[in-house]
């Protein structure tokens with residue numbers, strides 16, 4: 001009798017993680033995992049009957065691994081209040097870039113399967129439930145937690161590139177919010193509890209841009225140039241009307257059906273043009289996605305700049321808070337924007353465009369915030385957006401919580 005072959009599940013999961021990191025979510029298949037693990041597909045399916053089951057097991061293992069790391073780091077702060085959050089942030093700081101990318105890749109794989117996100121929601125809900133108290137100290141700790149998550153997600157998604165020193169500095173800044181006796185935090189606590197009417201007026205920030213007679217797009221591009229961001233050129237409408245038409249069709253296809261539905265044939269069908277036209281203008285899907293992202297950035301840039309510039313005299317914390325609340329009003333549209341971002345994880349050619357989008361947000365935040373606060377604030381805002389995407393319509397992100405976090409971080413850098 002033939003001896004029954006035993007397949008070690010951990011070896012399969014290791015192989016699956018390699019495939020996910022190497023090929024990305026969109027090319028993650030059971031066939032690829034079986035090949036990487038050097039086993040038959042039948043042997044793989046015996047242990048993991050579906051791709052969803054495999055991904056869920058990978059996610060559970062990743063959450064357990066991080067939980068153990070956080071518990072080990074917590075032991076270092078055992079004599080301090082809220083040692084668990086300090087340990088949590090320290091564990092994030094010590095994550096390797098590959099580990100961070102793997103964890104975020106797993107989250108990305110589940111973004112279109114709300115039911116599969118339940119372990120992640122429970123993971124975060126457990127931590128946030130411990131931070132419900134409305135005291136100034138607890139608000140600072142909650143802010144530190146959200147800031148650390150923002151760093152983790154933005155770097156894992158590839159939206160920002162941080163070396164180890166930059167990452168450590170940001171997370172140390174987050175942990176510094178645990179120091180209630182620091183004069184800086186006395187100001188923060190006062191700011192959180194003070195009514196808006198008692199806050200000072202906010203003058204127009206200095207800029208050399210002359211706005212008269214310029215279009216919104218020209219104004220935005222001039223502002224970005226002043227802040228060191230060079231937008232990717234478009235001009236498709238004038239130079240290549242057919243290519244612009246293809247980009248619009250591709251954008252609408254992604255909006256309705258997601259990136260997975262994007263093919264040259266599907267775009268040609270929706271654009272009512274020959275298939276050869278799509279491959280002539282965009283040889284690969286990555287070329288087409290690059291064009292879609294550049295077009296999306298231009299629209300987003302002009303809208304965001306116009307909105308921020310119009311409100312440049314208002315309380316910056318109100319402006320930033322309203323920007324978050326405005327962004328989550330249409331959660332489906334927000335999901336499509338972030339789907340384009342997450343595509344950059346498995347498509348290196350898209351990363352420069354995704355980084356440009358992230359840098360654009362940071363540069364426009366400088367319309368109302370100090371330059372040194374723009375990146376931390378942008379990171380925090382992205383954290384709120386991602387949180388809203390994970391929860392979808394199940395919870396309403398409280399405006400007062402967003403304002404408190406934004407206000408604390410904003411005044412920490414003034």
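Just so it is clear, glycine is given a Cβ too, placed from its N, Cα and C backbone atoms.
Unlike curated entries, TrEMBL annotations are predicted automatically.
Sequence annotations record features per position, and here TrEMBL assigns DNA-binding region to 29-48, 263-282. Taken from TrEMBL, the feature domain 'HTH tetR-type' covers 6-66, 240-300.
Listed as Cβ neighbours of the DNA-binding region (29-48) (distance under 8 Å, sequence separation of 6 or more from its ends, same chain) are residues 5, 7, 9, 11-12, 14-16, 18-19, 23, 54, 57. On the 0 to 100 pLDDT scale, the DNA-binding region (29-48) averages 90 in the predicted structure. Per-class residue totals from DSSP over the domain 'HTH tetR-type' (6-66), listed helix then strand then coil: 49 helix, 0 strand, 12 coil.
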